[in-house]
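Q: Mind looking over this structure? Questions follow.
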Amino acid sequence: MDSLHEFDTNTDSASINFSTNSIITHTNTNTNPINTSAHNLASSSSSSTLSRYENQKRRDWNTFGQYLRNHRPPLSLSRCSGAHVLEFLRYLDQFGKTKVHTQLCPFFGHPNPPAPCPCPLRQAWGSLDALIGRLRAAFEEHGGKPEANPFGARAVRLYLREVRDSQSKARGISYEKKKRKRPPQPPAALPPPSNASQ
């Protein structure tokens, strides 16, 4: 793990403030968390060549790095485990925008409740799943070994499965994978008939 590049430490850890503006936008990936012209100007040259996925992955990686630096005690990436990743995912729930009904709620299992309820807001399972996928890829791109990847830990996979199942029941939404329909293949062209009279 010695070859693993640590996070950029230019940011003063005392000045980092986690808020809904600085956290990852995995509940709605259509919005940019930082909409300042200074940020757009500073990153326009580098982000113009990167895809939306790559930009999101970089933001997620930086946010996870901030989380590790703000951890008490601060954690280095080389000491990060699946348990720390789970702690990070639970931490993100405070910024969630998805209503997850409790079993005592009269709207438990209803995808479109007719009235408001006091149930908590959480990160949606799909957002967490996509986030972990990006962080898993970023870890290996920064020199981490696949077998030591904390984002691919069994505990993380089990947690995501548990979140998916519980949110599916609470919200009445099925998360079954949709089978991709293949377009019908055109019939193979027949070879032109050979002219035997020639």
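Yeah, the Cβs are placed from backbone N, Cα and C, and that goes for glycine too.
Found this in TrEMBL, in case it helps:
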- 29-51: compositional bias 'Low complexity' (COMPBIAS)
- 184-198: compositional bias 'Pro residues' (COMPBIAS)
- 52-179: domain 'ALOG' (DOMAIN)
- 29-55: region 'Disordered' (REGION)
- 165-198: region 'Disordered' (REGION)
Q: Give the residue counts of the domain 'ALOG' (52-179) per reduced DSSP state, in the order helix, strand, coil.
A: 77 helix, 4 strand, 47 coil
Q: So what's the average pLDDT for the domain 'ALOG' (52-179)?
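A: In the predicted model, the domain 'ALOG' (52-179) has a mean pLDDT of 91.
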